[in-house]
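Annotated signal peptide per Swiss-Prot: 1-32, in sequence order, evidence recorded as sequence analysis. What Swiss-Prot lists as topological domain 'Extracellular' is 33-237, 287-318, 384-406, 477-528. Marked as region 'Disordered' by Swiss-Prot: 35-61, 674-703. What Swiss-Prot lists as N-linked glycosylation site is Asn38, Asn192, Asn497. The feature disulfide bond is assigned by Swiss-Prot to Cys68-Cys182, Cys74-Cys138, Cys82-Cys131, Cys122-Cys158, Cys151-Cys173, Cys197-Cys217, Cys221-Cys299, Cys318-Cys394, Cys494-Cys511, with experimental evidence given as support. For 69-185, the entry in Swiss-Prot reads domain 'FZ'. What Swiss-Prot lists as cholesterol binding site is Asp99, Tyr398. The annotation topological domain 'Cytoplasmic' is assigned in Swiss-Prot to 259-265, 340-362, 428-455, 550-793. What Swiss-Prot lists as region 'Interaction with BBS5 and BBS7' is 542-573, and the listing cites experimental evidence. Swiss-Prot lists 574-657 with the feature region 'Required for interaction with PRKACA', giving experimental evidence as the kind of evidence. Annotation source Swiss-Prot lists region 'Interaction with DLG5' at 585-597.
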Amino acid sequence: MAAGRPVRGPELAPRRLLQLLLLVLLGGPGRGAALSGNVTGPGPHSASGSSRRDVPVTSPPPPLLSHCGRAAHCEPLRYNVCLGSALPYGATTTLLAGDSDSQEEAHGKLVLWSGLRNAPRCWAVIQPLLCAVYMPKCENDRVELPSRTLCQATRGPCAIVERERGWPDFLRCTPDHFPEGCPNEVQNIKFNSSGQCEAPLVRTDNPKSWYEDVEGCGIQCQNPLFTEAEHQDMHSYIAAFGAVTGLCTLFTLATFVADWRNSNRYPAVILFYVNACFFVGSIGWLAQFMDGARREIVCRADGTMRFGEPTSSETLSCVIIFVIVYYALMAGVVWFVVLTYAWHTSFKALGTTYQPLSGKTSYFHLLTWSLPFVLTVAILAVAQVDGDSVSGICFVGYKNYRYRAGFVLAPIGLVLIVGGYFLIRGVMTLFSIKSNHPGLLSEKAASKINETMLRLGIFGFLAFGFVLITFSCHFYDFFNQAEWERSFRDYVLCQANVTIGLPTKKPIPDCEIKNRPSLLVEKINLFAMFGTGIAMSTWVWTKATLLIWRRTWCRLTGHSDDEPKRIKKSKMIAKAFSKRRELLQNPGQELSFSMHTVSHDGPVAGLAFDLNEPSADVSSAWAQHVTKMVARRGAILPQDVSVTPVATPVPPEEQANMWLVEAEISPELEKRLGRKKKRRKRKKEVCPLRPAPELHHSAPVPATSAVPRLPQLPRQKCLVAANAWGTGESCRQGAWTLVSNPFCPEPSPHQDPFLPGASAPRVWAQGRLQGLGSIHSRTNLMEAEILDADSDF
């Protein structure tokens, strides 16, 4: 150290004067050169004295300021090159280097400092400082002190030194070591050794890509925590599971579309939207396998890893993939909550006519599409989208796990709680219906309830399992991420050979990353995500789906499907009633039913229960004979009854018009009505086809029915009982007479009870046919329906 070297300043001048005198007398150029300090040491030129080394002639240096120099013992340079650049002077001193006592030791320290070559921006500014301290210019027993500006220029780019080891005391920018405004010869040296980045860092001029405290270098695009073989293994894994998920969800979507008219019913149609979300998400995962797409997605133009997206200087490929994957994932999990809620409310309404989801579907869509949109916009606003070469996509929180916890785990955890609550309540509702009301359930409905409870249980178990796996894998990442970053930083420093302050000559050990994430955990995490999509698609793995595709194939190829169809009774009767006019002309005509009339559960079997009707379906083969059944029951009449009221009618005003039809009543009712006829005028029978003949007999007049009737159709032939209008004298007992209109019968030419002079009494039927009105009255039809309600058609 300089403190151990006594310097006798006054004795130096006579000694130097004596040396100059000897030089002039002897004329030895070699010795003069040696004394001038411009050679590196003994050599052939100085030994023989026959040759001379030319010294470049330079302009005299400016006078050294008093505060810019310090007295020192000058030594001839043993190494005239500092960090690859030639020095323009021949003498130096080790006074300023506090960790070196000789030029050899100073040279060894410079070799260690040369590890900063792997930090390009730091290396560009620290080279002059190191040469000015370890190999300063020394002349006339005074050493030049480097300026404070030269020292401070290294603080920013070389922050890694301060962070890792700290600056030595003699390199701290203190005024006694680095005075202000001092020129230095080293500042004029052009250092031609450019810095480079050691793998896994790459050179970049983008400040956003710089690795922390290593300006000019960024992390390479390929994740250094995983090997190349692990990258290939993970990519094959993603390709396989992504393809399976995409195909399963695509099959589900196609099944719904093939039978959309029957499948577009809540809550089953919610599974269509859930599978659509997972299908779009799988497309985002598989996009990396297009030619050159993965590098475009996860890498920046300078070859560094993407993080902190979106940025204005890069393409939108990373952001697009993030939006596709994240938005689809969040929309899918929100739809899952809506699905469990719809199941819960639908099961509660079983056995009633109440439609709990009516009017709520718009709110379902508003919630499921807007909430993921808000989360996506929030992530893009805070610029926390990062790329990952292992997964091949861009996602939130690869760099900062706190954002991944807030934008991924928090929504999924909330979905698990809410969806699990509704799912458990739905299963409990089904179990309660089955246990407490066994008599209300048909065998088919009970079987559907058992099947649905089993499927809901399996589905709930898978959902809880996949969410638990996702949380476990993320917590594994969160708890170990700091250790992985530390291990990677040590690896970077080892590769850069930054060993500041460790004066050792031991060989540098092999650099390796000691702690790395497990590839198996990453695979399990991806399996949970892809497995959720596959589980959502299993709801259409039913026999009903096979029937749908069979009908679709027959429809596309033009072949007929000979399998008997199941048709709802209500649809069948409505079909026959709508064609009553055609069937009246041709009673043997068969009804044709389109595929849209056919009743089936849709692709999601087991979610539609009919607890009130034990046999809601009938065979399509039997349905072809529905015309005979309708005719036998009197549903097809010569009059238009298409608007017959279904509720209790309100009695109209008592006036004769086309909407009131006379009907025969029982004798008991006739007696009661006879008293009222004294207080009101007798009414004449109205016949729409011809004027009613004037009545002159004293027979009891049928009372006006209070049931509203439709206008009569034109006169048509039909069968009526002859004894309802005449006596046995005019026709045989039990014989039938063909009349034009049962409501306006044609009188017999021998005797007509409505013509003047007719004295035959009316014959009223007794028993089941007695006391009833005409054969086509509303009362007669209703009783016939009640009596034949249990008959087999």
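Please read every residue number as a count from 1 along the shown chain.
Keep in mind that glycine also has a Cβ here, set from the backbone N, Cα and C atoms.
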Among Cys68, Cys299, Cys318, Cys494, Cys511, which are recorded as disulfide-bonded residues, the nearest neighbour of Cys122 (disulfide bond) by Cα: Cys494
Neighbour tally for Cys82 (disulfide bond), based on other Cβ positions within 10 Å of its Cβ: 24
Nearest-integer angstrom distance between the alpha carbons (Cα) of Cys131 (disulfide bond) and Asp99 (cholesterol binding site): 14
Same-chain residues near the topological domain 'Extracellular' (287-318), Cβ under 8 Å, at least 6 residues beyond its ends: 202-206, 208-209, 218-221, 223, 235, 238-239, 324, 380, 383-389, 392-394, 398-399
Close in space, distant in sequence - Cys394 (disulfide bond), Cβ under 8 Å, 6 or more apart: Ile297, Val298, Arg306, Glu309, Cys318, Val319, Ile321, Phe322, Val385, Asp386, Gly387, Asp388
Per DSSP, three-state class assigned to Cys217 (disulfide bond): strand
Cα-Cα distance linking Cys158 (disulfide bond) and Cys197 (disulfide bond), given in Å to the nearest integer: 14
Cβ-Cβ under 8 Å with the topological domain 'Extracellular' (384-406): same-chain residues at least 6 beyond its ends: 221-223, 226, 230-231, 234-235, 238, 284-285, 288-289, 294, 297-299, 305-310, 318-319, 321-322, 325-326, 474, 477-478, 481, 522, 526
Cα distance (Å, whole number) from Cys494 (disulfide bond) to Cys299 (disulfide bond): 25
Rounded distance in angstrom between the Cα atoms of Tyr398 (cholesterol binding site) and Cys221 (disulfide bond): 13
In three-state DSSP terms, the structure that Cys182 (disulfide bond) belongs to: coil
Distance, Cys138 (disulfide bond) to Cys173 (disulfide bond) (CA atoms, angstrom): 21
Secondary structure content, the topological domain 'Extracellular' (287-318) (per DSSP, counts of residues): 11 helix, 4 strand, 17 coil
Neighbour-count leader, CB within 10 A, disulfide-bonded residues: Cys68, Cys131, Cys511: Cys131
List of residues, in chain order, with Cβ under 8 A from that of Cys217 (disulfide bond) and at least 6 apart: Asn118, Ala119, Pro120, Cys197, Leu201, Val202, Arg203, Thr204, Trp210, Tyr211
Secondary structure content, the topological domain 'Extracellular' (384-406) (per DSSP, counts of residues): 6 helix, 8 strand, 9 coil
Euclidean distance between Cα atoms of Cys511 (disulfide bond) and Cys221 (disulfide bond), Å: 20
Where Cys138 (disulfide bond) falls in three-state DSSP terms: strand
